[in-house]
């Protein structure tokens, strides 16, 4: 008999139903469950797949550069970044005739094009790229890296080049190399690029390979470095009248601590950014030499963990046993990595708008909105994944004997307290926030807006004041004009910071009021509830009150009837599934808040947000309905415009989202009946019955149908909001 899919599971390959296909796809990447898997092959497969992942990333970024160089308007945009719309790529086949061709021919293009809202133009411009040739060079280099990565992946699957398990479990060496190599050396290299290429480009000097060795990045060269006069590198920075990309008003400094923003580009000073990366490089180069390897110096991570005894013995045996537990569990390591990456991605969303690093990106409002939303959603998915793998760790890798009375075991021992406290926090936040919103709604409805309950966020305002915001009149720390910190800050460190924080033209420490207080607590509700579901899913993964024997049922067991008290919605997978809905809702509120607050800021009518955000009808009417009006006006006498594609995507997103419910709110019996009926009709229809199948069609399992439903819900949700966000922002600001 010919080998059937899936080859990695003989049991599944012999399944006579369509379950073989779906279960095969579902477990294709669960290497641990494959036939004949060994620990060594598991590590080697994952290692090789990392090279493939890198190849895809390099190919994708290469494609971005290539298409902009080929079909974009980068060189025109560079001449006038504020008024030329950056083109992402051409549209090959604009349907709907001449009106569509005209609507989408913009940005100085000859034919229909897509506008770029990703910020790549601003990024490439800031780091010193100026011509299409530069972009093509970058694309070719990344294509080369992609090929190298593929070869690397193939090479490390060959017997001679396969690393052994001991190599994968050498935590100290890996940490040293990742800290000093990945973070340290790459940050140092980036500082080098900024100092040698980007900063000269911002001052009108074009440095490439042919003149790299002839152009001094600083008039005094390396002299100050070797003589210890490092402060010379900070002297004579660019002036406030500097025109970015020209020598007009430029200085000679390369490493500064100016603080605040370049007045023309509204982005951080490039010399500050270079200084930051140099500092990061030095920190990580030192950190990468801290752990003991072949040379017998430095720390052993195991010794560190074992030595860490909590004071007074109040936390049992502390970190004893953790080293082997973590080092032998890929899921634990992945959980930690995802948790870190999720937090970092959310911080990227926050900092890309509040402290924009790329020239002129702060004035490209649609790009700002798109980047914030994109990074917050990505962060949400990554963070839920962290808890999913945490749960799988408890099921597959956790050994109670190895972890007796250490912090992990104690988390499990008092999980009821953790879960109930989170539950209480969620209930408190939810009922109080909703109560305030609904009270305010009723007051507005009865025509007595003055009876709203409006709470000033005084603690948050105090924190903003401590950082130097003066408008609240708190007169504390950096906002106190006669304090020593204020006076020192004026001259010694970050002189531009206090100016920037009190200017109303940027997004640093936005002024907040009662509307912000309410939506902050709505978001806190979402965060706590999502966390509650995820934490409970992980801590109950091996056993809970209702079903103490989950270990052998695995991560994603389905509903199992009323036996053992019923197993509906109590597998770790069910918790993940439920948490993703809450995560999406929470990030919805986060992005609504960010977008509405910024739209009113950019339009100069902040009072609209301040007055309408204190009651639910305000959000529904003045944010959602008002801003989607361009997307829901249907066919109008003016025919097509450049927002039409977003109107279509808005509709299509709703369709995909609604399709999710077909899978979420129905049961297997219904589908099995439907499938049997369709199969019966097919077999009795002339011509159609010439097509046969070997696998008996069966309905999806409960878990699979939920996954398909969740996927449609998520994709539709994000599609819909993306169309709304881009259309409503670009419709207002071009």
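Including glycine, each Cβ sits where the backbone N, Cα and C put it.
Segment annotation: Swiss-Prot labels transmembrane segment over residues 575-596 (candidates 465-486, 487-508, 553-574, 575-596).
Range 273-291 is the one annotated as transmembrane segment, of 273-291, 292-310, 311-329 (source: Swiss-Prot).
A distance of 10 Å separates the Cα atom of residue 671 (phylloquinone binding site) from that of residue 662 (chlorophyll a B3 binding site). Sequence-remote contacts of a segment are chain residues at least 6 beyond its ends whose Cβ falls under 8 Å from one of its Cβ atoms, and for the transmembrane segment (517-535) they are 384, 387, 418-419, 422-423, 425-426, 429-430, 432-433, 436-437, 455-457, 460, 575-576, 578-579, 582-583, 585-586, 589-590, 592-593, 613-614. For the pair residue 559 ([4Fe-4S] cluster binding site) and residue 662 (chlorophyll a B3 binding site), the Cα-Cα distance reads 19 Å. Within the same chain, residues 26, 117, 366, 369-370, 373, 377, 577, 580-581, 584, 588, 591, 595, 627-628, 630-631, 643, 646-647, 649-650, 652-664, 700 sit at least 6 positions outside the transmembrane segment (707-727) and bring their C-beta atoms closer than 8 Å to a C-beta of that stretch. Here the binding-site residues are 559, 568, 662, and the one ringed by the most other CB atoms within 10 angstroms is 559. Using residue 654 (chlorophyll a B1 binding site) as the reference Cα, a 10 A cut-off selects none from the binding-site residues 568, 662, 670.
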